[in-house]
């Protein structure tokens, strides 16, 4: 493998990491409050609102049901308006964020559902407001589950970023498609696959360590 190709792969790793973590961050900025809203408005919860819950849940389900490659193409006009282009690293972050947010929202809701209802009832009996319950009971108790959700999300985004590379998003996906598939270079294709596997392994390893660190003994 030539030196220019090696540097291209290094840049591809950097672009893949940037797409994954930046879109993961913005995905959580959107998905975390939506997930909390889904939980607290469920029937029987602290601010139960069946109509609001059904509406938000339906929107989340709609976006979750769209395959990412279709979402990527569908969002090209919106991406161009937001970042001024429909190709490249910055452009990829927009559909990646939109694709991740509803997934994160459901993961957050599921993590909160694991919390014993007795803790919430005790907090309500002590006069805690809904916001206090969310900040001081729900989120701290669900922290291991939230970290696990973040790990799964980041791993999913690694795969999404590779798909985005096939339509000019950059990263390892574009290198694998352009130089490996189109260029019939098996060495490049296999190297890209190995690098993606390593990235996934490292993210999972770090996530597992953090979960163990925040899990209360």
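Backbone N, Cα and C define each Cβ position, glycine as well.
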Looking at residue 211 and residue 183, does Swiss-Prot assign them to the same side of the membrane (meaning the same named topological domain)?
no
Give the range, chosen from 20-40, 104-124, that Swiss-Prot lists as transmembrane segment.
20-40
Note the mean pLDDT of the topological domain 'Periplasmic' (1-19), expressed as a whole number.
89
Can you work out which residues elsewhere in the same chain, 6+ from the ends of the topological domain 'Cytoplasmic' (207-217), have a Cβ less than 8 Å from its Cβ atoms?
143-144, 147-148, 150-151, 154
Do any residues, 6 or more residues outside the topological domain 'Cytoplasmic' (41-57), come within under 8 Å Cβ-to-Cβ of it, and if so which ones?
34, 120, 124, 130, 133
